[in-house]
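S.K.: This is the structure, below, for whatever I ask next.
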Amino acid sequence: MDSTALKILQDKCICYICSDFMEDPVTSRCGHNFCFACLRLLWDDLQGNIFCPVCQTPFPPKSFSRNYQFRNMTETIRLLQKRQSKRKRQEEHTVCPKHDQPLVLFCVRDRDVLCTQCSLSVEHQGHYTCPIKKASSYHRKVLESAIATLKFGVKQVEEKLAVQHRRVLGLREEAQYQKIEIRYEIGQIKLFLQSEYEAHLNESHMEELRSFSELNGYLETLLDHVSTAKDLLKEVEAIHERSDVTLLRAYHKLQNLKSPKPWLFRTKQYGLSLPAQYSGLSRIIKQFQADVTFDRDTAHPQLVISEDRKSVFYKEAWPCVCASPQKFHLWPALLGCKGFDSGRQYWEVKVGDKPRWTLGVCQAHFSGDWSNQSSGFWAIGRYAENSYVTYGPLRTEFLPVVRPSKVGIFLDYELGELSFYNMNDRSLLYTFRNSFTSTLWPYFYIGTDSESLEILTHPTPDTGSY
């Protein structure tokens, strides 16, 4: 900015009272500007109206407004004044201190500004020099490139900061959501436990009433028996004193008197089983997931297995294959490729709308003879619209609340438990308890419909989180 114009602006920013740059400028009703502190001194010393120091217009104390725009302009002019002073100081150093000549050259080797006489001296003899304007233009471009690089780096850092900030917000939202979800789950567990508590109390009360009713009936029977026996005893004692013939005629009544059978009192056993969604089923799925695939060597000839050995379906056409003792021939079934003889394993099977299916495990010597399912075979299956059955030591029919289209199977070999879960509502379907002593192989009965049966694969968990 031109120095004359700057001087005019500086004069505009001078306070009429203190003759210095205005501090915290305020504007009176007459339109003149003053320092707030200066104007306050006036109304502290005077009573009544204040007269403007410039135009002598009267106005009451505190009847002014702060001029923020004028304050910003004053600060800007101060900054320009400082810059102008700095530029003047720099211009004062453009003359060579040795020879009092203008500095017009730049020594590339020594990176120093020189006058003409300095460039001819022995100190800079043979050095490449160029005009200051040319050197400054080149170095300005270098600096501009460096500035652009720095700006780009700053922009990248700012973008990363923004991303991290969004992640922090996301983590906070996720943590808040998890808190809400935990509160909801705890509330559901409390409701479930309260419902189970009331149901078990009611069932126990009904069992108590039933037992007391049976016991009272038994006591009445005993009392009747005792009364009859006492009456007969009196009669026999009376006959005992009579003749032999009379005694013998009454004897058969004693033989016909039978004591009632003892009444066995048994209380019902109660147990509480938490639903799968509250008993760590999600952790079981993540931590103990087994890579189960179908074994082609054991598959029935009419079963078609996918390339990844995760899907299988029944085909009507009978293919020409070589007979194998390992294959199932009587019905469309097959085993898994890998057997289990230790540890805990989980796999999940999609049965969809198949009308018939059976899932479970069997021992290697399992012959597939349906008449001998109590040995080496533990499974559940569907054989009709609403008919489900367990195969094993005990054949039991059951009816799920929700029809399962996906079944989760969890084997705890050491504990001797094989559990089946309905993954549609995450409820427990059935649990076998046994002492396993040999290798167990996943078993699959497909049925004769065309719909496929599929082994599902869940994403592999991050083991570092456990």
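Just so you know, the numbers here start at 1 and follow the chain as drawn.
From the backbone N, Cα and C atoms, a Cβ is placed for every residue, glycine too.
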S.K.: If you look at how Swiss-Prot annotates this chain, which of 91-132, 133-174 comes out as zinc finger?
M.R.: 91-132
S.K.: May I ask for the residues of the chain that lie six or more residues beyond the zinc finger (15-56) and have a Cβ under 8 Å from a Cβ within it?
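M.R.: For the zinc finger (15-56), the sequence-distant neighbours (Cβ-Cβ under 8 Å, at least 6 residues beyond its ends) are 62-67, 70-71, 74, 77-78.
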S.K.: Need the DSSP three-state call for His124 (Zn(2+) binding site) to compare against my parser.
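M.R.: His124 (Zn(2+) binding site) sits in a helix per DSSP.
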S.K.: I want to check the contact list for Cys118 (Zn(2+) binding site): same chain, sequence separation of six or more, C-beta distance under 8 angstroms. What comes out?
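M.R.: Long-range Cβ contacts: Cys96, Lys98, His99, Leu105, His124.
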S.K.: Tell me, if you would, which residue among His99, His124 (binding-site residues) has the fewest other CB atoms within 10 Å in the structure shown?
M.R.: His99
S.K.: So which other residues, same chain and not among Cys96, His99, Cys118, His124, have a Cβ within 8 Å of the centroid of the Cβ atoms at the Zn(2+) site?
M.R.: Lys98, Gln101, Leu103, Leu114, Cys115, Thr116, Gln117, Ser119, Ser121
